[in-house]
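Novice: Below is one structure. I have some questions about it.
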Amino acid sequence: MANVVVVGAQWGDEGKGKITDLLSKSADVVVRYQGGVNAGHTIVVKDQTLKLHLIPSGILYPDTQCIIGAGTVVDPKVLLEELEQLEQLGVSTENLLIAETAHVTMPYHRQLDIAAEERRGSRRIGTTGRGIGPTYADKSERTGIRMLDLLDRDQLAAKLEWAIAQKNLILEKLYGLAPLEPQPIIEEYSAYGERLRSHIVDGSLVLDDAIRRRRNILFEGAQGTLLDLDHGTYPYVTSSNPVAGGACVGAGIGPTMIDRVIGVAKAYTTRVGEGPFPTELLDEVGELLGDRGAEFGTTTGRRRRCGWFDAVIGRYAVRINGLDCLAITKLDVLDELPEIKVCVAYDIDGERCEHFPSNALKFARCRPIYETLPGWQQSTRHCRSLDDLPKAALNYLKFLAEIMSVPIAIVSLGAERSQTIIVEDPIHGPKRALLKDDGTQVHPILS
């Protein structure tokens, strides 16, 4: 299998959990490299649906080691709840490891997150209110609490007493909120450390050993490319780096250790929260996509905004991540539509633009330029090969592959593992198209 990164190629919620689950059966190690409880994926265990926010999908495979990397921010309370849920269903959690240098989300982070968002008013970003941004802010300011701090009560107490004194100034003076008492928090988080002690390790050392032993490693990103702190639709982004490059920093390995990058994108586009969304549909088609796709956030429960597939941001995701291939999910959601549109470029103040603009104000002025393709108006959920697909559905996939110059390796047609078409080997199959010597494009084919 080699070492593979799975990234979201849109604004998150692309169905990475299912794709990671499919690939995890061939992995020896699965690593979550960034984000926190602001992301989530749904898994099914013994006919019961679980929503996990921190634990990698590979936890369902007893021989697969799962690592929460240093680039993540960990809410220990939520993590322990997830562990207990899995154990109650008979799923072993002994194979879960947590990087000792991962930062910890504290109660004051959640309070500050919610208070800041409320204070922004009409300028709100649309955060989940889970304290992720403030946790990463403390990490950057070098005042954060790390998992290793939870294992030394005296060290934890000293750090928390200082941190809480600083946060209380902000809570009281800026937001008019009641101050926090440090002692209960010290006791609570020290207890979390004891309960998690056996899971906390030097994550980079474990990964280095796995690499040297030629183990197959799967790196699992949260959110999506367009939510990346540096490369997304800033400021309407998350506080970490979901892009493929973030896997090396967040896991603690060198870039030469990555063999392949797989992007995941829906057959249409969704977005949660605020921010520009050129292909957003505020009509009955958008409602249909939301209803058929069950578009509600795993973490917040908020209804997702829905729109047509945006190949401009798709090409951007291919470029920023160096995608080798794509997995297209939820193709079945389009089954009822008589026609399907794909945004191939933007109109910005009367000029055609085929590239994603980094300026959020400019991006907000983008108007989609569409290509319209015929729909297939029949169910695809039973299809298990390309030959089973209606011709119009196959043509739609080919169009996406060509316009983004990247092969499609996987097509998902529902939530179940069986509702999947493996077009090409996602690990060893064809890679992204290159340019000919004369500069013309070599278009990838679907099969």
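Numbering starts at 1 and runs along the chain as it is shown here.
Glycine is no exception: its Cβ is also placed from the backbone N, Cα and C atoms.
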Novice: For the IMP site that Swiss-Prot gives with Asp13, Glu14, Gly15, Lys16, Asn38, Ala39, Gly40, His41, Thr128, Arg142, Thr238, Arg302, which of Gln111, Gln155, Gln223 also belongs there?
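Specialist: Between Gln111, Gln155, Gln223, Swiss-Prot records just one in the IMP site with Asp13, Glu14, Gly15, Lys16, Asn38, Ala39, Gly40, His41, Thr128, Arg142, Thr238, Arg302, namely Gln223.
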Novice: Roughly how many Å lie between the Cα atoms of Arg304 (substrate binding site) and Asp13 (active site, proton acceptor), rounded to a whole value?
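Specialist: Roughly 9 Å, rounded to the nearest whole number.
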Novice: What recorded positions among Asn38, His41, Gly301 are found with a C-alpha within 10 angstroms of that of Gly15 (GTP binding site)?
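Specialist: Those close enough are His41.
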Novice: Could you tell me which of these binding-site residues, Gly12, Gly15, Gly40, Gly301, has the greatest number of Cβ atoms within 10 Å of its own Cβ?
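Specialist: Counting Cβ neighbours within 10 Å, the top one is Gly12.
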Novice: Between the two most separated Cα atoms in Asp13, Glu14, Gly15, Lys16, Asn38, Ala39, Gly40, His41, Thr128, Arg142, Gln223, Thr238, Arg302, the residues recorded as binding IMP, what distance in Å do you get?
Specialist: 34
